[in-house]
Amino acid sequence: MTELDINEIEAYNSNKMGWIELITGCMFAGKTEEFIRRLRVLSYAKKRVLAFKPSIDNRYSVENIISHSGSKLDSYLVHSSDEIKQIIEKENQIQQVDVIGIDEVQFFDEQVVELIEQLANQGIIVIVNGLDKDFRCLPFKNVDKLLVTAEFVTKLRARCHLCGNFANRSQKIVNGQPALWDSPLILVDGKESYEARCRNCFIVPKKEV
């Protein structure tokens, strides 16, 4: 099952049960687009929704979460999971928060996983998205744990930048060439710095000798 239908939303209304939804995959797979869509559906269903994005990701906007295709959603720009917690506590004093969205969860500190669990246990729906693996094809922090704990996991694929086949890997490009193994892990520059690649076209990063 990849997403929730109206019956499950109604069950939430009556039982006040929280859960975790994880949207993951490689670069350019449409994760943010799907993330925004789900939060909008719940907002239309009269749920109070708050969205958060990491301060490191300011490619398109500081105030909005924006997908590569241009879809946007109002959000808080935050530096840590503790800041997320503080904002939620403050907003709950105004009106109870029903849904929390966290964009690019792999860029947050590792305490964010514990916070997400706490929120779900409090009856809040938590929807997060993030890369499942880095450009070396190693598991990304936070997402690796959420793959285990989330009630709902959607793994999206892109199309290979080179051959057009299904892609589930992110190739980091530096100066027109695949990045070396020791290249910095985090580089948020969109399509100019990354390409979606399939298994056949992906080039395993080389280690400097």
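Cβ coordinates are placed from backbone N, Cα and C, and glycine is handled just like the others.
Record features, source Swiss-Prot:
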type     : residues                                                       : note
BINDING  : G25, C26, M27, F28, A29, G30, K31, T32, D103, E104, V105, Q106 : ATP binding site
ACT_SITE : E104                                                           : active site, proton acceptor
BINDING  : C160, C163, C198, C201                                         : Zn(2+) binding site
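Sequence features annotated in Swiss-Prot and their locations in the structure.
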residue: G25; record: ATP binding site; Cβ contacts under 8 Å, 6 or more apart: K31, L131, D132, K155, L156, R157, A158, N168
residue: M27; record: ATP binding site; Cβ contacts under 8 Å, 6 or more apart: L131, A158, S170, Y194, E195, A196
residue: A29; record: ATP binding site; Cβ contacts under 8 Å, 6 or more apart: L156, R157, A158, A167, N168, A196
residue: V105; record: ATP binding site; Cβ contacts under 8 Å, 6 or more apart: V112, I116, V128, N129, G130, N142, V143, L146
residue: C160; record: Zn(2+) binding site; Cβ contacts under 8 Å, 6 or more apart: F166, A167, A196, R197, C198, C201
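In this structure the C-alpha atoms belonging to D103 (ATP binding site) and C163 (Zn(2+) binding site) are separated by 29 Å. The CA atom of C163 (Zn(2+) binding site) is located 27 Å away from the CA atom of E104 (active site, proton acceptor). Around C198 (Zn(2+) binding site), taking its Cβ as the centre, 20 other Cβ atoms fall within 10 Å, counting all chains. Ranking the recorded positions D103, E104 by how many Cβ atoms sit within 10 Å of each one's Cβ puts D103 at the top. Sequence-ordered, the extra residues of this chain that approach the Zn(2+) site, with Cβ no more than 8 Å from the Cβ center of C160, C163, C198, C201, are H161, L162, G164, N165, A167, R197, R199, N200, F202. The sparsest Cβ neighbourhood within 10 Å, among the listed binding-site residues (C163, C201), is found at C163.
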